[in-house]
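Let me begin by presenting the structure, written as structure tokens, before commenting on it.
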Amino acid sequence: MFIDNVKLVLSSGNGGKGAVSFRREKHVPLGGPDGGDGGNGGDVYFICDNNTHTLAHFKGKKELKAQNGQPGLGRNKNGKRGESLELIVPQGTQVIDAQSGEVLLDMLVEGQKELFLKGGKGGLGNTHFKNSTNQRPDYAQSGVAGKTLSVRLELKLIADVGLVGFPNVGKSTLISVVSNARPEIANYEFTTLTPKLGMVEVDDYNSFVMADIPGIIEGASDGRGLGLEFLRHIERTSFLLFVLDPLRDMSLKEQFCILRKELEKFSSKLYTRNFGLMLSKSDSINLGEEFAQKMEDDYNELKAYLQSQNNPQSFFIKVSSLEKTGLKELKFMLLEEVKKIRNQNNL
């Protein structure tokens, strides 16, 4: 099950209580204090793991707590430290304060380990309180309480290329033929109900990650359809590929303008991201001469519009996933854009 948003109450462990104890030996009737310290409470850590792809393992868990420190013992034996709580999360997980909305942690790197909540310090045993005026202190410190915080874990998939389009335009088919992803494919809207990642291998030495998200509809940025819930997954994609469908009831230009508008309303950063355009189902030109002419007119209308906007796109290509035409060219075009962005990020 794909889960990308959970709420949790996290607590570090309480420090153990220091011991009040005195030496008990046969020939020492009034032995001095020998109370050990309480153990520190366990910490709470977040660990980034690429082998984990969802937050589903937190489903049904509302409160998670590290172990408390053990109390101190006699004979100057300290209590055992509480076991820390290590929370394994996928790459791209944000830890957000549930009240303020502040992003507290951003887990981006494989193996990244972050201390989130420090455990309470263990209390001192009565040994520490012996002095010249009090040789037998009968008190010790209580342990310090751990910390508690309500958080929201939010997963944003990290990919090089994000597919953007209306439902049932061919995004899932595309990612299934160019990558190792195997999404459900059917001829009805919202087949893709969860985001999918696929590795696209261009040749023996070059590859990139592609993300397919549920289709966006007009009003997605205002909460309509499934789009709003998953739009955040393309926030971390380096390059966007708009997938346009000649078989829809609206023109290619209308599709493009609505999709761009929804991205702009959701995030100004997404709106300014580099993008390419792909006309899917180009094999539908075989549906008849009249349709072929309409499709060509639509295509030329969008090209003219893009030209009037100073061609903001990196490329515009026709592809048929069914007939596998244009796929090789598309992969190399996308790789070129991904390489440009990677090089810029390394400067």
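Here the Cβ of each residue, glycine as well, is placed from N, Cα and C on the backbone.
Here is what Swiss-Prot records for this protein:
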| type | residues | note |
| --- | --- | --- |
| DOMAIN | 1-158 | domain 'Obg' |
| DOMAIN | 159-339 | domain 'OBG-type G' |
| BINDING | 165-172, 190-194, 212-215, 280-283, 320-322 | GTP binding site |
| BINDING | Ser172, Thr192 | Mg(2+) binding site |
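Between Pro214 (GTP binding site) and Ser172 (Mg(2+) binding site), the C-alpha separation comes to 9 Å. There are 25 other Cβ atoms within 10 Å of the Cβ belonging to Ser172 (Mg(2+) binding site). Within 10 Å of the Cβ of Asn168 (GTP binding site) there are 20 other Cβ atoms, across all protein chains. In the three-state DSSP scheme, Lys171 (GTP binding site) falls into the helix class. In the three-state DSSP assignment, the secondary structure recorded for Gly165 (GTP binding site) is coil.
Per-residue pLDDT, averaged along the domain 'OBG-type G' (159-339), amounts to 82 for this model. Pro214 (GTP binding site) counts 24 other C-beta atoms within 10 Å of its own C-beta, drawing on all protein chains shown. For the recorded site, Pro214 (GTP binding site), the DSSP three-state label reads coil. Within 10 Å of its Cβ, the residue among the binding-site residues Lys171, Ser320 with the fewest other Cβ atoms is Ser320. The secondary structure of Lys281 (GTP binding site), as reduced to three states from DSSP, is coil rather than helix or strand.
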